[in-house]
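Engineer: Pasting the relevant annotations from TrEMBL:
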TRANSMEM  12-29  transmembrane segment
TRANSMEM  41-65  transmembrane segment
TRANSMEM  86-107  transmembrane segment
TRANSMEM  146-164  transmembrane segment
TRANSMEM  176-203  transmembrane segment
TRANSMEM  223-242  transmembrane segment
TRANSMEM  254-279  transmembrane segment
TRANSMEM  299-321  transmembrane segment
TRANSMEM  342-362  transmembrane segment
TRANSMEM  382-403  transmembrane segment
TRANSMEM  424-447  transmembrane segment
Amino acid sequence: MKEQRGAFTSSFGTMMAVVGSAVGLGNIWRFPYLAGVNGGAAFLLLYLFLILLVGLPLILSEFVIGRATHRGAVGSFKQLAPRSRWYLVGYMGVVAGFCILGFYSVIAGWSVRFLYDSVINANAGQSYDEIAASFNAFKNTGWQPILLSAGFLGLTAFVVFKGVEKGVERWNKILMPLLIGILVVLCVNSFTLDGFGAGMSFLFSPDFSKITANTVLDALGQVFFTLSLGMGVMITYSSYVVKPENMLRSKGIVTLIDTSIAIISGIAIFPAVFTFGISPTQGPDLIFLTLPNVFGQMAGGQYVGILFFLLITIAALTSMVSIFEMMTNYMMEELKMTRRRAVLWLLGTLCLVAALCAQSQVEGSRLMIGRYNIFDFLDMLSSNYLMTIGGLLIVVFAGWHISEKRLRKVFTTNGAYNNRIFPVFRFVIRYVSPVAVAIIFLSKIGLIRG
Ligand code: PFF
Ligand code: NA
C-alpha cells in the first residue's frame, strides 16, 4: 500500500527546512577555513559574486523541477522526461547522498566529542599540541568515532522516520531559530575581544593579490556545497511545498540567510583566532583544533565552547536530515517501500559506510582506494564529481529540456510573480550558469588546473 506523500504545512516551516539543509558544516567549518587560506575578504567577494551567478539560479532550477512534478529526485526526471535517461541524474544524487552522509556523519560525531570536552572543560590551559594529540588518540580508538557517527545517524533516522511534517518540518522549526540565536550570542561575544579589529579587517578588507585560479575554483565549489545543490535534495524539499509562493523571493531569502550565516561564523571565529595570535590559515583544522585551543584560553571560554559546538551539532543534524529524507523519499516512491522500511535500510547501510570512513582514519589503516583513505575518497568523489556533474545536468535540464512555457508557469506561479524577471532567469540558466559550472567541473578533474 502506498503511504500518503508528505507536505510542509506552512511557509515558515518550508523556509526553516530549506535553510536547515543549506546551513551546515559548510558554513561554520568549511567557509571560514577556505576564507582563511584564500586571503579572507578577497575570497568572500568572489564567493558572493558566484552565489548570484550560479547558486541562486541553480537552487531556483531545483525548485522549479520539484514544484512542477511533486516527485522526488528520481521521479521528477521520470515524469518530465519519460523514455529518456535523465532519471540517472536522480540516481547520481542518491549515490552522492551515501557518500556525503558517510563522512559528514563522522565529522558530526567529532563535534559531539568536542561538545563533551567543552562540557567537562577538558581543554582549559592545554596547548595546541596537547589538544591535537588527544584528538588523534580519540580517532585511533576506532570505536569511539564510529559510535558517535552511528548515534548521529540514528538521530537523523529518527527525525526522518517521523515524516515530512512531524519530523523534518517540526525539528527544523525548532532547531533553526535556536541556531540563529546561538550564533548571535557568539557574534556579540566576539565584539568584546581584543582581536576584533584584526579579525574584521582580515574578513572585510580585500587583498586582491591573493586571488588565483584556485581561489576561484574553491569559491565555486563552496557555492555548490553550501546551498546543498546538484543532488536532488532541493528538488525533494520543493516537492513538499504545496502552497503558492513567490519563488524568487523565498529562495533569495534562503540564499541570503545561508550567506549571512557563513559571514557571521567568520565574525565569530576570526577575532578569537587573532586575539590569541593563531594563524588563520590552518585549513580544515581551524575549527576542530584551533578553536578548542582558543576557548581554553578565553575568559568564559568553556561556555563559548559549549555554545559553539552545540551550534555545529545542530547545523550538521538538519543538513543530514535533508539528505536522508531525499534518499528515503526515493526508496518510498520508486521502490515502493514503507517509510519505516526505507529508514531502517538506510540507517543500516549508512552506519556501515560511516564505520568504514571512521576506521579508514585510524593510523596505519589499509582502508584505501588508490591514494585516498575511504573518508577522503568519498568526500572527493561526492563534492568534486557527483555534485558538480549533477548540478551541471540539472541546470541544463531546466534551461534546455523543460519548455519555456512550462518553466515560466512554474517560476512565476501561473503568472502571479516575477513575470519580468523570468527572461533574465531563463537566460542565466541556459548560458551563464552552465558555463560557470562546466569550468568548476573541468577544473576539478584537473584539466585546467592552473
Ligand atoms: N549545505 C550543507 C552545508 O553547507 O553544510 C551540506 C549539504 C547538505 C550538502 C545537503 C549537500 C546536501 F545535499
Ligand atoms: Na551551507
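Note that the numbers count up from 1, one per residue, in the order the chain is shown.
Heads up, the Cβ atoms here are built off N, Cα and C, so glycines get one too.
Fair warning: this is a prediction, and the values are worked out from it, not measured in the lab.
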Engineer: For the transmembrane segment (342-362) and the transmembrane segment (176-203), does the number of C-beta pairs under 8 Å, pairs 6 or more apart in sequence, reach 3 or more?
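Structural biologist: They are not in contact.
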Engineer: If you count every Cβ pair below 8 Å, which range out of 41-65, 223-242, 299-321, 382-403 shares the most with the transmembrane segment (12-29)?
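Structural biologist: Between the candidates 41-65, 223-242, 299-321, 382-403, the best contact partner of the transmembrane segment (12-29) is 299-321.
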Engineer: At a C-beta cut-off of under 8 Å, are there same-chain residues at least 6 beyond the transmembrane segment (299-321) that contact it? List them, or none.
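Structural biologist: Answer is 20-29, 101, 104-105, 107-108, 111-112, 114-115, 117-119, 121, 123-124, 152-153, 155-156, 159-160, 167-168, 171-172, 175-176, 178-179, 182-183, 185-186, 189, 228, 268, 287, 291-292.
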Engineer: Short question: which residues 6 or more past the ends of the transmembrane segment (146-164) have a Cβ under 8 Å from it?
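Structural biologist: Residues packing against the transmembrane segment (146-164) from afar: 6-8, 101, 105-106, 108-110, 112-113, 170-171, 240, 316-317, 320-321, 324-325, 328, 339-340, 343-344, 346-347, 350-351, 354-355, 357-359.
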Engineer: By a Cβ-Cβ criterion of under 8 Å, what residues six or more beyond either terminus of the transmembrane segment (223-242) are in contact with it?
Structural biologist: 6-8, 14, 17-18, 21-22, 24, 26-27, 30-31, 47, 50-51, 54-55, 58-59, 62-67, 69-74, 76, 89-90, 92-94, 96-97, 100, 164, 254-255, 258, 262, 319, 322-323, 325-326, 329, 383, 386-392, 394, 440
Engineer: Sort out the residues at least 6 away from either end of the transmembrane segment (41-65), same chain, that have Cβ-Cβ distances under 8 Å to it, and list them.
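Structural biologist: Same-chain residues near the transmembrane segment (41-65) but 6 or more away: 31, 34-35, 76-77, 80, 202-208, 210-211, 215-216, 218-220, 222-224, 226-227, 229-230, 232, 234-235, 238, 241, 247-248, 251-252, 254-255, 259, 262-263, 266, 391, 394-395, 397-399, 402, 407, 410-411, 425, 428-429, 432-433, 436-437.
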